[in-house]
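J.: If you scroll down you'll find the structure; I have some questions about it.
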Amino acid sequence: MTATTQTPRHDWSKDEVLALFEQPFNDLLHQAQTTHRAHFDPNTVQVSTLLSIKTGACPEDCKYCPQSVRYDTGLEREQILAVEEVVAAARRARDAGATRFCMGAAWRSPKDRDLETVEAMVREVKALGLETCLTLGMLRDGQAERLREAGLDYYNHNLDTSEDYYDEIITTRSYQDRLDTLARVRDAGLKTCCGGIIGMGETRQDRAELLRTLASLPVQPQSVPINQLVQVPGTPLHGVEPPDPFEFVRTIAVARILMPASYVRLSAGREQMSDELQALCFLAGANSIFYGDKLLTTGNPEADKDRRLLARLGMGFEAHACAQAEAEDLG
């Protein structure tokens with residue numbers, strides 16, 4: 001069996017990553033769990049809440065997305081929310097146990113006039129003691145710096161899949177466009193949230209290459225969301241063959257081994273997962289979830305259901321970052 005990796009590497013080869021995927025299932029999970037325990041409390045999960053601050057009418061053609069203006073999914077377009085609405089939602093999320101509040105807008109790239117409103121949202125949410133994350137599309141020069149100055153902690157920009165398979169899913173922005181935005185985010189001193197989607201018709205080789213690309217970035221993403229495709233009627237990917245559940249767990253495990261110090265988020269698609277599958281994902285090294293009954297436009301398990309599942313597993317929520325810092329200061 002491959003030796004457990006406890007320090008991040010940026011030089012994984014394709015063959016090495018595929019070899020991880022091809023291990024016997026129990027061996028792979030043992031390696032992933034051992035790696036996980038070297039960096040995290042194995043019985044806690046970090047909790048984020050996601051809010052759509054501007055919904056629909058996106059000009060991009062991502063084949064999985066109900067927010068694209070190109071597909072008839074029945075989604076109603078909504079203008080950007082008022083700052084007060086966002087703050088109220090963030091306060092509810094904090095009171096429910098979330099430590100990070102993520103805000104998403106269906107834009108190709110934010111306009112400067114909209115960025116002013118978003119900056120105000122970030123400042124107000126930060127004032128509640130929450131970490132902040134944004135996903136607004138591609139960023140131009142100087143925009144990441146503005147968001148950092150407003151107090152932003154994380155910026156999400158997923159690679160979605162491997163570079164080889166990417167053109168089968170999206171044609172309106174290139175893979176390099178995504179890498180360029182990630183570089184701007186890193187250069188501005190922000191933390192990156194970057195992952196992909198499983199179940200879009202890709203092969204194991206594509207999944208391996210996606211994870212290898214993420215692990216090979218100059219700084220590995222601090223947060224790695226692994227989504228299972230949520231099939232939405234009207235999108236081109238509706239009806240695609242779903243991924244094998246054990247292959248999904250393998251993907252979580254390999255992500256944990258390749259990026260040992262990153263939070264691996266069990267992200268979209270949990271509503272369609274059994275409790276048993278989610279438990280296997282936690283065993284494989286997932287240690288972050290979205291909390292709340294909606295993710296942008298798709299469903300998510302009810303908060304009480306998540307609490308019951310974690311209680312059955314003897315797991316709990318990660319302590320709030322501010323509370324942890326205070327405890328360390330007192331200690």
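A Cβ is built for glycine as well, from the same backbone N, Cα and C atoms used for every other residue.
Values in this document were obtained by computation on a predicted structure and should not be read as measured data.
In case it's useful when we look at the structure, here is the feature table from Swiss-Prot:
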BINDING   Cys58, Cys62, Cys65  [4Fe-4S] cluster binding site
BINDING   Cys102, Cys133, Cys193, Arg265  [2Fe-2S] cluster binding site
DOMAIN    43-267  domain 'Radical SAM core'
J.: Can you tell me the three-state DSSP label for Cys102 ([2Fe-2S] cluster binding site)?
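T.: For Cys102 ([2Fe-2S] cluster binding site) - judged by DSSP and reduced to three states - the answer is strand.
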J.: Between Cys193 ([2Fe-2S] cluster binding site) and Cys58 ([4Fe-4S] cluster binding site), what C-alpha distance do you get in Å?
T.: 21
J.: Just the number: how many Å between the Cα atoms of Cys58 ([4Fe-4S] cluster binding site) and Arg265 ([2Fe-2S] cluster binding site)?
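T.: On Cα coordinates alone, these residues lie 25 Å apart.
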J.: Cβ within 8 Å of the [4Fe-4S] cluster site centroid (Cys58, Cys62, Cys65 excluded): which residues?
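T.: Once Cys58, Cys62, Cys65 are set aside, the remaining close residues are Glu60, Asp61, Tyr64, Pro66, Gln67, Ser68, Ala106.
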J.: How many Å separate the Cα atoms of Cys62 ([4Fe-4S] cluster binding site) and Cys133 ([2Fe-2S] cluster binding site)?
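T.: Cys62 ([4Fe-4S] cluster binding site) and Cys133 ([2Fe-2S] cluster binding site) have their Cα atoms 22 Å apart.
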J.: What is the interatomic distance between the Cα atoms of Arg265 ([2Fe-2S] cluster binding site) and Cys65 ([4Fe-4S] cluster binding site), given in whole Å?
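T.: Distance (Cα to Cα, whole Å): 19 Å.
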J.: For Cys133 ([2Fe-2S] cluster binding site), what residues in its own chain, 6 or more apart in sequence, show a Cβ-Cβ distance under 8 Å?
T.: Ser48, Arg100, Phe101, Cys102, Met103, Leu152, Asp153, Tyr154, Tyr155, Asn156, Cys193, Ser223
J.: Please report the DSSP secondary structure of Cys65 ([4Fe-4S] cluster binding site), reduced to three states.
T.: coil
J.: Using the Cβ centroid of Cys102, Cys133, Cys193, Arg265 as the reference point for the [2Fe-2S] cluster site, which residues of the same chain not in that list have Cβ within 8 Å?
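T.: Near the [2Fe-2S] cluster site, the remaining chain residues are Ser48, Leu50, Arg100, Thr135, Tyr154, Asn156, Ser223, Pro225.
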J.: Go through Cys58, Cys62, Cys65, Cys193, our binding-site residues, and report the one whose Cβ sees the most other Cβ atoms within 10 Å.
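T.: Per the Cβ count within 10 Å, the most buried is Cys193.
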J.: Which of Cys102, Arg265 has the fewest nearby Cβ atoms, counting only those within 10 Å, among these binding-site residues?
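T.: With the binding-site residues Cys102, Arg265, fewest surrounding Cβ atoms within 10 Å: Arg265.
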